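Student: Below you will find the structure I want to go over with you.
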Amino acid sequence: MSRTSAGFADFFPTAPSVLQQKRVRAPRDRPCPKDRPEDQLHVQDDNGQSSCSPGTSAANVSTNGSPPSVSVSETGTGVENSGCKLVGETNTDITGTDTSILSASLAQCRATQVNEARFDNLTPVTNAESSPPRKLSPHQSKSVEVAEYESNKFATDESKLAATPLHTPPTPRSQTSRSGVIKGCKLVYDPDLEKRSSKEKRRKPQYVDFVVNEQDGCSPDPRLSILNYTRGAGCKQKTKYRPAPYRLKQWPYDTATTIGPGPPVQIVVTGFDPLTPVAPINALFSSFGEISEINNRTDPITGRFLGVCSVKYKDSTSFRGAGPVPAATAARRAYVECKKEQRIGTRRIRVELDRDGAVSDRIVARAIESQRMGHKKNIVGEEAKVEPQAKKNEPPPTAPKGPSRSSTRPVAAVPEGPRASFLKPAIPSLIEETPILAQIKRDPYIFIAHCYVPVLSTTIPHLKKRLKLFDWKDIRCDKTGYYIIFENSRRGEEETERCFKVCHMKPLFTYIMNMESQPYGNPNYERSPSPERLQAERRERAERERLKKEADLDLEEEKKQRAIDLDPCREVLALIVRDLKDKLLEDVKSRIAAPTLYDYLDPDRHAARRRALGIPDPEGIRRHTFRLDADNFGSNNPRSFLPGDRSFSPYGLNILALPRIRKARRLNRANAAFLDERRKQPVRRKEVRPLYHRLQQLHDVDDSDEDQRTPFSRDIDEQDSRPPSRMSSRSSISDDGEESEPLDGLAPQGKRHESRLLGLEYEDSGNTLNEAVDGYSRHDSPGLSSTRKRKRVAEGIDVRKRPKEESERSQLNRSVEAGDTFYEESQHSEAAELGTVKPENLAGIGGKFLGRVEDRSINEDGEKENMERLHIESAIQGANLGIQQPLPDESTTTKSHEDPITEIEWGVSNDEPRPTVVDDETIILDLDGWQNLVKDEEDLCFLRHVLDGQSRSKVGNLSAWAWRQKEIKALNRAGESGPVHQETRIPDYYVCNPTGAARTEGRKRILESEKSKYLPHRIKVQKAREEREANAKSDPHASSAAEAARISAAKTISKSTSRSTRVNNRRLVADINAQKQALPMQGGDGDVLRFNQLKKRKKPVRFARSAIHNWGLYAEENISANDMIIEYVGEKVRQQVADMRERQYLKSGIGSSYLFRIDENTVIDATKRGGIARFINHSCTPNCTAKIIKVDGSKRIVIYALRDIGRDEELTYDYKFEREWDSDDRIPCLCGSTGCKGFLN
């Protein structure tokens, strides 16, 4: 084997690493004790093989005591990395006494392994030329040990680079096993660390070796666990994790190369005291650059400062003797510098960059909203505090009242500092308004009703966590409950079933999840129709739209043609012809047809025909004179015009009793044909007073019956339409106990109007007693004869008077003969006025006369008429007492039983009890209705019994309250009083929705013309206007005098107003001059002062409901002509934006227009951001005008007074819309002035 090459230690023996290795090797090189047996040099392992000691590294030692033999290969190519044995074909025995030789040979072997390793031969080759091993010198032994250490150091690294051929035989385990290897040493004692005197003898350092068994401590290569590491897959470069993008240096703004907005040149300042003047703010921020504009923002309504200031810079070529300072640099510097706790006064300010003014507008809006809410809370608190004091210090009722709240201006609250934090935006609610079930089609879902788990937005996150084990898609909720929605697939259906089985009736907090599973989606969902059906519906819809469009076009064409053919003269002529036709037809009916019918129906002309047919002649029905509607129009009976009268109905019409023409009383003959029978006529009250008058004692008992008459029941509930009442039908015999009166004496004074029952007309000498009888019985059924009707009425009245004393009947029976004689005399004496009357006709009349004497009221026409009536009454009474009443025949009785309806309606009950008064269910139960319903003590007792459980209302004085309620009713019903059948309301004011509710109605626009019909304030103004016009037409002199008085009063007011205005202007100028002296003189101060002057010159106005349209603007004080009133404030937008917004407002339902044009390209939009000036309405004759002025280089709209305006007068100006010709969408004008043009456009 060749000699080993020199190592690093041989060439560099003084190197620090070589010296260190020598110090480490020093303890190991110590000689072993001589008495140590040789067999201790070898340690036998578990397999029976001897391993080398630490001093020798490796040896082949026999176990039977023979000298050990070492086999060393001459070439050294058969040495393995992990073993320490040397295998060769030529073996040489080495004695065990000389261990240094073994170590030297081992070192030589390792050096050869390191430096002369060959990879092409695995089998050691025996070479005869190789020299045998020789004994090494001591110097050579040391060098070998150093080489051994170096070989141990680099053995592991060299072995990794060695390539193993494919046909390498496996190394036996006996060859790979090695003993413990010294990896290093540990210093256990260091004499340098001892705190001893230097004179003492110092000990040597002590070391302990680290011995590691390579077989146990060799760990596997971790790189081999990487997949495809040997192929290079593990060597891919990994990307670097970057949690944030790199901060690159911003490019400087260059106007030549930059597209888009430049850096901000404006800042917004907040946090300072709102009462801080502009001077300190200006002084602070002018130190950063030249200021172009500074604006201390104010409330557009109240005008108080908000504590928000906008500062805008401009480029400066030379700022304070230095170089140029761009506006963007100044704004940036101000923003950076003011971050360092800059203060104005005692408050710390906050500065933000504001590129286009959006930041300042947002802050101003929040500040205004917060101040509004704070002001409302303060007002509520002050009212709550002041209320108990006001109750204690109430003035007496007779004390004069102070001005109303609307006439005094509310005191503005002291402005407060800005809020530290603005209102946080509201968290959007997760509860959907639209029903979710209608949106779910085929998606599986589980429903939890709101009755089991309350619907709250905060419950959804907890429910999601509760169901996190299931694969749901979404969880939504509405007012009905929660919907857990899954995927629309087979897996989603399975998840639905699994979730239902696991969580059904399981707790969620303190609630139970009662679930409803729908794995196949909404059960009520219907699929969309087929394409053929959709196409058919589209065709039908298109056809309907086409037909509708054609109909509309035809209608429009017809309207245009009518407008072209319209001729006012022809229309007037058509109206005249139509009126003449009606008048001619009326004259033909009254002058030709009526007399012809009367002549044709004259009983004398049909006498022969009646005799031929066996019909008896009509007696007591014929009228001797010709008159038209005598019983209705010419009669003195005021009840003939009431709705309850049936004289015009077919049931009450008798052919033989047709009316005759005669002069009517209290009626214009020219208007007789145009009267309506339903029209209410002024009537006299009855003498019977209702219970209300009895309780209140409004009238004395001794009052005249004709002076005080109150209705007993409603106006149409007459004696002719209901059974007679005992209270209203008294006998001529007094009820105070007197049983008889002189037969030929005069009637009592209180019964002078008893003949009005019969409808007798004494001024006409042709009226007879038969007419009176017919006038009473003409409401009976037309199938009954007049004789039978008279007998039935007489019988009914006699039955009604049965409870009277029996002495009345005996007196009537004893006076039959005297009655006959009296009848004959009265018949001859009054033949000219009463005509011929048979005894059987008068037999059934007397009781009727006495029974209904006090049921009618009359108008006294003179003493002569009264005497004639009294004379007739005495004659009738005598006839009643002297003529015996015949019994009714069987035919009359049978007829009365065959027609019970007529008996119940018109007759008197003689078989069973009947109600005296039939209540009308259609009467509105207000105060008058209840007073009409309660007629006696019995009704009052029943009413008290019904109202026992109700609590009493405190109305104060009952009489005053009742009077006030009736006055309110009369005021709302145009003077009408008494019981009514319709509620007191404005006609067509409450219109029912077709769908039943306003929420289900679609959006529809109500025309202004329709609003003017039912809005109360518009109706009031319309009535006042009509009344004014009517007064002007009736009395033009009075209207002109009132106008002159109004003008003179306005002049007086305007003079005083002008004087006060001049005083206020002087004070204003003085304030402005004081501000000029206080502020530092700079370029923009003049514009600021002018704008402040414009703000202070505005007049106090208010907005309220207007009779013209919605809201209106009203003056709170007198305003002189040409005075500035208010500025039209709003958002300034371009014309294109204004057009787009107008369409959006119309779609959203905002019908009012608040867009005011400044010029061709600029429009002021005050719809959502504006002052109260937007409420000013249009008028064709306005009292204001709008002017466009320039303030601070910007155009502003200001409202000026055209004339003197009084207090509480509405402000109007002409909108000046462009005239639109041939337009169907014209806006109607509702100003109602004398010069109204009808339309705005």
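All residue numbers here begin at 1 and follow the chain in the order shown.
Glycine residues also receive a Cβ, built from the backbone N, Cα and C atoms like all the rest.
Pasting the relevant annotations from Swiss-Prot:
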- Tyr1215: S-adenosyl-L-methionine binding site (BINDING)
- 26-45: compositional bias 'Basic and acidic residues' (COMPBIAS)
- 46-80: compositional bias 'Polar residues' (COMPBIAS)
- 379-394: compositional bias 'Basic and acidic residues' (COMPBIAS)
- 534-545: compositional bias 'Basic and acidic residues' (COMPBIAS)
- 697-723: compositional bias 'Basic and acidic residues' (COMPBIAS)
- 724-734: compositional bias 'Low complexity' (COMPBIAS)
- 793-811: compositional bias 'Basic and acidic residues' (COMPBIAS)
- 1023-1036: compositional bias 'Basic and acidic residues' (COMPBIAS)
- 1038-1064: compositional bias 'Low complexity' (COMPBIAS)
- 1099-1216: domain 'SET' (DOMAIN)
- 1225-1241: domain 'Post-SET' (DOMAIN)
- 1-84: region 'Disordered' (REGION)
- 120-179: region 'Disordered' (REGION)
- 376-415: region 'Disordered' (REGION)
- 520-545: region 'Disordered' (REGION)
- 686-752: region 'Disordered' (REGION)
- 768-819: region 'Disordered' (REGION)
- 1022-1064: region 'Disordered' (REGION)
- 1062-1067: motif 'RxxxRR motif' (MOTIF)
Student: Non-local Cβ contacts of the residue listed as 'S-adenosyl-L-methionine binding site' (under 8 Å, 6 or more apart, same chain)?
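Tutor: The residue listed as 'S-adenosyl-L-methionine binding site' has long-range Cβ partners His1178, Leu1240.
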Student: List the helix, strand and coil residue totals of the compositional bias 'Basic and acidic residues' (1023-1036) as derived from DSSP.
Tutor: 13 helix, 0 strand, 1 coil
Student: For Tyr1215 (S-adenosyl-L-methionine binding site), name the DSSP secondary structure in the helix/strand/coil scheme.
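Tutor: For Tyr1215 (S-adenosyl-L-methionine binding site) - judged by DSSP and reduced to three states - the answer is coil.
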Student: Limited to the domain 'SET' (1099-1216), I'd like the whole-number average of pLDDT.
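Tutor: That stretch averages a pLDDT of 89.
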Student: Per DSSP, what is the residue count of the domain 'Post-SET' (1225-1241) in each of helix, strand and coil?
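Tutor: In the domain 'Post-SET' (1225-1241), the DSSP-based counts are 0 helix, 2 strand, 15 coil.
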